[in-house]
Amino acid sequence: MSVLSKIMRAGEGKILRKLHRIADQVNSIEEDFVDLSDAELRALTDEYKQRYADGESLDDLLPEAFATVREAAKRVLGQRHYDVQMMGGAALHLGYVAEMKTGEGKTLVGTLPAYLNALSGDGVHLITVNDYLAERDSEMMGRVHKFLGLSVGCILANMTPAQRREQYGCDITYGTNNEFGFDYLRDNMAWSQDELVQRGHNFAVVDEVDSILVDEARTPLIISGPADQATKWYGDFAKLVTRLKKGEAGNTLKGIEETGDYEVDEKKRTVAIHESGVAKVEDWLGIDNLYESVNTPLVGYLNNAIKAKELFKKDKDYVVIDGEVMIVDEHTGRILAGRRYNEGMHQAIEAKEGVDIKDENQTLATITLQNFFRLYNKLSGMTGTAMTEAAEFHQIYKLGVVPIPTNKPMVRKDQSDLIYRTEVAKFDAVVDDIAEKHEKGQPILVGTTSVEKSEYLSQQLSKRGIQHEVLNAKQHDREATIVAQAGRKGAVTVATNMAGRGTDIKLGGNPDDLAEAELRQRGLDPEEHIEEWAAALPAALERAEKAVKAEFEEVKELGGLYVLGTERHESRRIDNQLRGRSGRQGDPGESRFYLSLGDDLMRLFKAQMVERVMSMANVPDDVPIENKMVTRAIASAQSQVETQNFETRKNVLKYDEVLNRQREVIYGERRRVLEGEDLQEQIHHFMDDTIDAYIEAETAEGFAEEWDLDRLWGAFKQLYPVKVTVDELEEAAGDRAGLTAEFISESIKDDIHEQYEQRETQLGSEIMRELERRVVLSVLDRKWREHLYEMDYLQEGIGLRAMAQKDPLVEYQREGFDMFTAMMDGIKEESVGYLFNLEVQVEQQVEEVPVEDEKPSLEKEDAVPAQAGARPEIRAKGLEAPQRPDRLHFSAPTVDGEGGIIEGDFSSDDDEEPVRSEADGLTRAERRKQSKGGRRRKK
């Protein structure tokens with residue numbers, strides 16, 4: 001055990017003793033709750049809420065609340081929480097990550113802290129890895145909460161904002177991490193308070209916390225809209241790279257010349273073009289220099305085309321269905337429907353596959369999962385495998401990890417790895433092993449790392465006449481049903497990675513599923529007939545349990561579930577998760593991994609060394625070796641990948657920390673505007689700051705006689721209808737030499753405030769307040785969006801600062817701060833300019849109509865007096881709401897630390913124009929191309 005691990009686990013015993021004491025307290029009062037009627041049990045919820053309101057803490061209420069939930073679960077679900085589940089629930093309430101092995105009933109554990117923390121009325125979020133689990137858990141565990149009088153909601157991908165608002169209003173809300181994160185971002189793009197759906201971030205329990213906070217934390221959540229980008233280049237470069245040859249890097253010191261037109265580093269997932277490749281590309285495109293600034297975008301297209309050709313494999317990284325490229329999640333093997341890679345990568349893959357190329361996207365709002373979860377006042381989580389990542393949980397989220405003991409001792413046999421020289425020999429051995437175990441009836445779960453390999457294995461099994469189920473990205477609709485029955489006698493299930501995670505594999509089959517199916521056949525619904533369902537469930541469960549009990553004994557005799565891994569994963573944790581499907585609740589079980597030198601992990605790390613060992617030992621292809629050195633090499637490779645990934649995540653967080661502080665300021669400002677805070681005073685500050693900035697820029701150097709006051713007054717005239725003249729000020733000061741910056745500033749400020757009052761008199765104060773709100777929101781959104789674009793651009797090139805002996809992070813922080821300050825100044829200046837110069841038409845309305853429903857009128861009309869209680873409708877050029885593309889995409893974590901992935905498409909009109917600046921009619925991207933010759937892209 002490393003020194004760090006020992007430090008991390010120092011207080012473990014103390015915490016476990018505390019959790020044991022809590023479980024004992026709950027047990028000591030359990031009898032008091034057994035005798036209560038359903039109505040009396042339900043009435044306790046209101047009593048607890050009142051006691052909390054009267055000043056008792058949730059910790060004081062914990063034993064009674066937990067005992068209440070235990071009794072309710074017994075009556076509604078026919079399940080009683082074990083003592084270890086009580087300990088797990090207490091750990092979650094105290095804000096720890098509870099490590100609970102597979103089959104220990106994590107879902108049921110979640111009901112305890114959820115009920116207790118919901119008593120405060122501030123809402124509890126239970127976060128799962130996919131929509132299926134969120135819906136299943138909210139229905140099943142929701143019965144317990146509803147029985148006790150709490151409301152339960154569930155956020156699903158296809159819900160409308162009104163439905164989402166209703167779900168967030170519930171005491172307890174289930175949903176996926178991406179949905180919660182995107183709702184937070186969407187709330188911070190809302191145009192009116194009525195569009196907001198979330199009500200704060202009080203307490204979150206994250207199920208499969210390692211998957212969400214570790215595996216998926218490398219890539220930020222991104223909401224993006226179409227950018228202005230030519231798509232013809234993708235197709236041209238896709239054809240062009242087929243004519244380029246892959247080669248190896250050269251080494252001038254060793255006198256090795258580079259070969260081919262480009263090189264590929266699979267480990268780092270990067271490509272580099274060689275001189276010969278550059279020459280060919282220049283020749284084919286008819287340009288003199290590929291690296292001239294005007295051709296910079298072409299380098300990005302070329303790199304993406306090579307990556308699409310070499311690093312992204314069909315049926316492993318993505319599948320093509322109905323002419324659409326769909327990404328496959330490396331961790332779960334599921335298809336990520338509607339998601340897309342960022343940075344032009346998806347378009348390059350579409351061009352490679354010859355399907356329609358869709359638009360590229362520009363970031364509108366973004367946050368990393370790490371920073372999103374740090375918004376919660378209290379965070380906790382549960383998983384079967386957390387101790388390997390304890391240092392990361394502590395360092396990034398300040399979360400301690402507590403290993404909760406199992407209810408029964410673990411008796412699974414973990415066999416040592418078998419290593420073969422070739423992949424074909426390995427799969428032959430796998431099929432032989434499956435056939436042998438299948439013949440005696442032992443259930444088998446086979447884990448593969450890609451759709452391609454699961455289908456290859458499926459073909460081999462079919463050739464041998466072995467009946468089996470395949471569970472991969474192409475069949476995830478049926479996954480829960482398949483996984484639930486994977487423990488039946490003679491069952492063979494081939495699953496891609498951790499598909500079906502969250503569903504227990506019970507030996508002999510799952511009685512819960514059978515009982516539920518029987519009750520639904522009788523026309524009962526757990527949502528509609530809560531009382532009848534609760535009454536009928538115990539008998540149905542009893543019948544189902546009898547049916548599977550005999551089969552359970554048979555399977556137990558055969559050795560339990562046999563888990564067979566066909567490849568080691570990059571992370572030890574994912575290997576442990578696969579193993580953990582077997583040996584649940586003290587059942588017997590067995591696991592083994594089969595490896596070959598062709599496996600991705602072996603190929604990228606240490607493969608040559610292992611190859612030498614096998615050659616020296618003269619091992620035939622079909623004979624496995626069990627060698628300690630090879631096992632150590634694998635452990636070392638996994639450790640390297642884990643360290644590399646941890647560093648990536650830490651790095652992402654360091655850079656996002658800069659944006660995070662800026663985001664807090666902007667989103668805080670937005671929320672104040674949305675909530676109707678009076679902006680009049682703030683607008684006056686905007687005016688003063690803008691005037692000061694103008695005057696300082698013109699008068700910072702030289703004497704008064706040298707100042708170009710005509711240019712300064714020209715700027716004032718663009719900002720507002722200035723009435724004070726230079727001559728008047730000179731006269732008041734005696735002469736030009738008597739003018740001071742302070743005197744000019746005071747005079748202009750008095751003038752601008754006076755003109756603003758006149759503008760308000762002309763429009764009416766209520767309309768002016770609404771105009772202020774709209775203008776500030778509109779300008780703030782556009783400036784923030786442009787700032788995100790600039791920050792993206794800055795981060796892409798910041799690594800090069802290291803060559804100048806500068807710390808890229810420090811430079812990013814410094815320049816990011818300068819850009820943020822410039823953006824804030826821009827918001828002030830543009831807001832003031834809009835407020836004076838917008839031509840406004842006002843219509844009175846009783847109900848609020850979205851502003852974007854009609855094009856703004858450019859005619860100025862007389863102000864209509866506002867009726868009490870109704871918000872005036874303002875139409876003005878440049879104030880269409882919202883000022884962002886309607887076609888939005890949602891980019892969620894991917895699996896290799898590459899660019900984000902885009903999910904969802906809330907489209908209205910496909911021919912939306914990019915947002916254009918009032919000043920020159922160009923988008924920011926077009927202006928950048930004019931001034932800098934296009935945006936650079938990272939390799």
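FYI, residue positions are counted from 1 along the chain as it appears here.
Placement of Cβ uses the backbone N, Cα and C atoms for every residue, glycine included.
In the three-state DSSP scheme, Gln85 (ATP binding site) falls into the helix class. Sequence annotations record features per position, and here Swiss-Prot assigns ATP binding site to Gln85, Gly103, Glu104, Gly105, Lys106, Thr107, Asp504.
Residues or ranges marked as region 'Disordered' in Swiss-Prot: 848-939.
Annotation comment: Swiss-Prot describes 852-863 (among others) as compositional bias 'Basic and acidic residues'.
Per Swiss-Prot, compositional bias 'Basic and acidic residues' is recorded for 872-889 (among others).
Summarising the annotation, Swiss-Prot assigns compositional bias 'Basic and acidic residues' to 914-925 (among others).
Marked as compositional bias 'Basic residues' by Swiss-Prot: 926-939.
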Sparsest-packed of the listed binding-site residues (Gly103, Glu104, Thr107, Asp504) - C-beta count within 10 angstroms: Thr107
For ATP, whose listed binding residues are Gln85, Gly103, Glu104, Gly105, Lys106, Thr107, Asp504, the greatest C-alpha pairwise distance in Å: 16
In three-state DSSP terms, the structure that Thr107 (ATP binding site) belongs to: helix
CB-centroid shell, 8 A cutoff, ATP site Gln85, Gly103, Glu104, Gly105, Lys106, Thr107, Asp504, site residues removed: Met100, Thr102, Leu108, Val109
Gln85 (ATP binding site): tally of other CB atoms within 10 A of its CB: 27
Cβ neighbour count within 10 Å of Lys106 (ATP binding site): 25
Which same-chain residues, if any, lie at least 6 apart from Gly105 (ATP binding site) yet have Cβ under 8 Å of it: Gln79, His81, Tyr82, Gln85
